[in-house]
């Protein structure tokens with residue numbers, strides 16, 4: 001950007017400089033090799049083009065007589081900070097807004113998924129098929145997106161799929177176990193138990209990987225384990241299958257995260273495409289097991305029963321839970337691309353709070369005060385764990 005300064009303004013600054021330079025004290029001698037500042041021979045121009053406006057910025061004194069010398073410098077007259085800093089501030093603000101949108105979308109989609117998933121499981125208690133349909137719907141959505149070039153097709157090779165396989169196995173087990181849990185117990189109870197995932201993370205890392213943690217990390221697990229235990233003991237509709245499903249889901253997702261960190265280092269696949277590939281591979285792994293455990297005959301009979309009891313809207317429930325399952329997971333992986341693991345952990349904790357509260361309100365789940373206290377303690381422990389583990393990591 002450039003500004004035009006009129007001759008009168010520039011001439012004033014030059015005249016003052018000329019008079020002061022040539023009226024210095026005789027005691028000040030010029031070095032023989034010093035350049036002579038010949039301001040008298042500056043050609044007069046009607047306009048001078050400079051990059052920034054000239055202003056008198058300081059008055060200094062030189063020589064024994066301490067006569068002032070006025071220095072003219074250029075600076076941003078109407079800005080208190082450089083242009084680069086202003087642009088950086090705007091960039092940071094835009095990033096925070098983007099992350100906020102990701103988080104709000106992630107939580108909203110997760111709440112909607114859990115509501116429709118529980119509705120489907122209440123009317124159609126076949127968690128293996130329900131899990132398969134969720135993965136199949138997401139895989140189909142991404143294949144169409146790649147074919148129509150709505151989304152960029154990921155560049156993968158055999159090594160990529162090889163490292164992704166153990167991640168997909170753990171993801172499949174965790175997904176099915178969580179769905180089995182929600183088919184047997186309330187959504188709120190499943191998520192209270194799943195808030196104990198950090199405890200599994202520490203225990204697996206300690207006993208399987210040999211990692212050591214400071215005392216503060218172990219102490220942060222006490223409210224997590226205690227809160228989950230208190231909620232389980234006071235749950236009115238406790239079911240051992242539902243409880244074990246949530247526990248197995250915790251263990252599987254911890255192993256998934258460990259395998260993912262080890263296998264995906266250096267891979268240039270975006271979060272969205274990474275989860276899409278994970279869904280495809282998990283679908284291939286899960287389908288034969290779903291057929292073996294439940295089978296088409298059970299599925300067909302249950303489908304007719306659900307349609308007769310619920311009506312055509314049951315089909316919308318199945319479609320909604322499948323679509324929203326893929327979308328909320330995809331947004332969560334996109335969020336992980338933009339934020340630190342600590343921020344993601346805190347966001348995941350807040351997500352569970354929103355799911356627990358919304359499911360209690362929508363399904364009118366009876367909750368005893370002691371049960372609610374256990375849930376609050378477990379969630380608080382999860383938050384404390386995220387804070388302590390981040391402090392350990394940074395130090």
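Start at 1 and count along the chain as shown; that gives each residue its number.
Glycine is no exception: its Cβ is also placed from the backbone N, Cα and C atoms.
Unlike curated entries, TrEMBL annotations are predicted automatically.
Under the heading domain 'Sugar phosphate transporter', TrEMBL lists 98-386. Regional average pLDDT for the domain 'Sugar phosphate transporter' (98-386) in the model is 87.
Under 8 Å from some Cβ of the transmembrane segment (99-116) lie the Cβ atoms of residues 182, 187, 191, 317, 320-321, 324-325, 327-328, 331-332, 334-335, 338-339, 343, 347, 350-351, 354-355, 358-359, 362, all in the same chain and six or more residues away from its ends. Summarising the annotation, TrEMBL assigns transmembrane segment to 99-116 (among others).
Positions annotated as transmembrane segment by TrEMBL: 128-147 (among others).
With a cut-off of 8 Å between Cβ atoms, the residues of this chain six or more beyond the transmembrane segment (215-234) that come close are 189, 192-193, 195-196, 198-199, 202, 243, 368, 370-371, 373-382, 384-385, 388-389, 391-392. Taken from TrEMBL, the feature transmembrane segment applies to 215-234 (among others).
Cβ atoms under 8 Å from those of the transmembrane segment (240-259) belong to residues 166-167, 170-171, 173-175, 177-185, 189-190, 193-194, 196-197, 200-201, 204-205, 209, 232 of the same chain, restricted to positions at least 6 beyond its ends. Feature annotation from TrEMBL assigns transmembrane segment to 240-259 (among others).
Taken from TrEMBL, the feature transmembrane segment covers 271-290 (among others).
Annotated transmembrane segment per TrEMBL: 310-328 (among others), in sequence order. Cβ atoms under 8 Å from those of the transmembrane segment (310-328) belong to residues 106, 109-110, 112-113, 116-117, 119-120, 123-124, 130, 133-138, 141, 279 of the same chain, restricted to positions at least 6 beyond its ends.
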